[in-house]
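Below: the structure, in structure tokens.
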Amino acid sequence: MSGKDSHVQDDILRHSLENPEEFWANQAEHLYWHKKPSSTLKLTAKKLKSGIEHDSWEWFPGGEISTCYNCVDRHVEAGHGDEVAIYFDSPVTQVKQKYTYRQLLEEVEVFAGALREDGVRKGDVVMLYMPMIPAALIGILAVNRLGAIHSIVFGGFAPNALAQRIDSCKPVALLTASCGIDGNKPPIPYRPLVEEAFKLATHKPRRTFIWQREQVPWAPTDRSAGQASWQKVMNSARSRGIKAECVPVKSADPVYIIHTSGTTGTPKGVLRDAGGHAVGLHLSISYLFNIHGPGDVVFTASDIGWVVGHSYIVYAPLLAGASTIIYEGKPIGTPDASAFWRIVEEYKVNTMFTAPTALRAIKRDDPDNKFLAKVGERGGLRTLNALFLAGERSEPSIISMYQELLDKYAAPSAHVIDNWWSTETGSPMTGRALVPHAGRDRKAKTRHDPPRLKPGSAGKAMPGFDIRVVDDEGREVDRGTMGNIVLGMPLAPTGFRTLWDDEERFYKGYLKRFQGKWLDTGDSGWIDAEGYVHVMSRNDDVLNVSAHRLSSGGIEQAVTSHPLVAEACIVGVPDAVKGQLPFAFITLSTPSHPTAAVPDEKLAAEIQALVRKQVGAIASLGGIIQGKGMIPKTRSGKTLRRVLRELLENAAKGEFDKEVAVPSTVEDAAVVDVARRKVKEYFDTVGEKHAAIEEGIKAKL
Ligand code: AMP
């Protein structure tokens, strides 16, 4: 795109793709380098054991950097030591704390000193299994300070998931806590979980540092597992004046390993490069998020275990010198659906980031947005410039609703910004940038309009991401045509270049499908004439109805446009005639949810009409099941469509109680039982009508 129709974001994108060396060299200057890179981009090739060769690349070769220095020391040295780095807000323990940059530096250098005394060295892997408390950030930064590599495992995972990850990256030490707290449930002691994981794992970390929380003590008695109380070790180091300086690493050295949340298969260890990570995140936090430094407050309602938490709770806000909020609570239930708006008001948040699933949960509990309006009416949301949403597709109805609410209550011209990315890419591939330039003068907080809002689209490409839509042969399709979303290489600097210890799997999982020409994102969608990217579904969730490829996301969008539907999940069930038939699971936003699994006829007819009108008669639903708390999610908020599909298929065969494979990453396995009961009730009620599905399943067998 060019000329008068083009938006400045298009020009910046073009610059980054046409002249990546110049573009990223400019960006690199915002960071402190212990050794300046000798060049910006080196294109290389890699040879696999199998003999296959594929293109590769390296950002900022020759450079040496300490991310910890850039996140902490640099701001103190610049005179910002008294600015707040971390606000900790834990409604589940009634604790609120803050750390200035100076206090954060003191904690990090002492703990890094203690870890160094314990033998942690540059290049070692240290694993974290932590709740959302400040010690987690201190631990992450201390590991980074030593030039070691961290691998954070979500603190709600079960022992087998932790053991799998221990064996995958063989950490020398584990940083953990005596308990985690999941919403309004009682504290979960970590001791049995960690000790069970150690039993299951083949590799044994030689040290376990336990952050003691008063809710549940954990006396570090198991010396064979090297258990030690984190606070005691810290106090000892502090009293002896032990501190560690920053140890820089090469640009291409890993800063961390993160395992993809994965709904199936063994998790993949995505590797992040130190140099590209710092430079790319610094660009995104300033250009896309309009966060520049002291006085700016970022509230990312995610968990440090996910990539969103790595990038926008921990690193990016600190790289900018802003304040980040660690929130140990949930969108609802701690104590209610007002929680997020309270945080925005209390900490004068400028940028908020959450997943659409959190907003759906709020919508279920507060369908008329009374809580938000209450805070809004007294001006409590006036600091908020943007609400970022990612992790899943956001249905247009949720985007439009929140945009209207922001227009009414937030800062002038505040924006809802859907942004699409993944663990692999490390930062958003799309979005609507809030700052009109990606140049050097970031101090001027110029406000301008990002590319206009198109609900249902995740915005336009971010610098360095060459996004294309191709058919199954890898040929680019016309604008507006649905296909596989792929990336041209090199990826932008935050993007991964390989998997931990598994180059073959990197090739097989991402490059092989298009013979190394494109990197497969695993998502389907389309790019419109103006360059907006519409991400519709994971490839696995594409339905094939009468030889038409329909996206579950597109049908869900139609279903959720009904004002009574808070959430919808579409799965494809086999159909003898059409191949597959879309089937809807819905949760309503009515204050008292109907108990029947079959919706009343009027509602069902209205939903069908919306699907026919917005997607087409081809997508007519084969059935609708309604219920509350029956759509299973992963811990990171992704809908487990496969589980619902299997329940339906089994039910159609009369096998209502048959086990379905539920991944260990499931948020709440009890939800699957609710869904099972609803499916059974539905089939009992509807009975004969489902002959077509039964036929379809027979045909598939
Ligand atoms: P993860 O690596 O676990 O963060 O998952 C990445 C996947 O989440 C992407 O490949 C998409 O399928 C989905 N995703 C993330 N953000 C969005 C978005 N804004 N719109 C649609 N899908 C998204």
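Along the chain as shown, residues are numbered 1 onward.
Glycine residues also receive a Cβ, built from the backbone N, Cα and C atoms like all the rest.
Annotated in TrEMBL:
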DOMAIN    11-71  domain 'Acetyl-coenzyme A synthetase N-terminal'
TRANSMEM  125-143  transmembrane segment
REGION    431-460  region 'Disordered'
DOMAIN    555-638  domain 'AMP-binding enzyme C-terminal'
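Here the transmembrane segment (125-143) has long-range neighbours at 68, 71-72, 86, 88, 90, 97, 99, 104, 107-109, 111-112, 115, 149-153, 155, 157, 162, 165-166, 169-177, 179-181, 190, 193-194, 205, 209, 211, 213, 230, 244, 257, 303-304, 313-314, 318, 326-328, meaning same-chain residues at least 6 beyond its ends whose C-beta is under 8 angstroms from one of its own. Remark: secondary structure over the domain 'Acetyl-coenzyme A synthetase N-terminal' (11-71) totals 22 helix, 17 strand, 22 coil, with classes taken from DSSP. In the predicted structure, the domain 'AMP-binding enzyme C-terminal' (555-638) carries a mean pLDDT of 90. Residue counts for the domain 'AMP-binding enzyme C-terminal' (555-638) under DSSP, split into helix (H, G, I), strand (E, B) and coil, are 23 helix, 27 strand, 34 coil.
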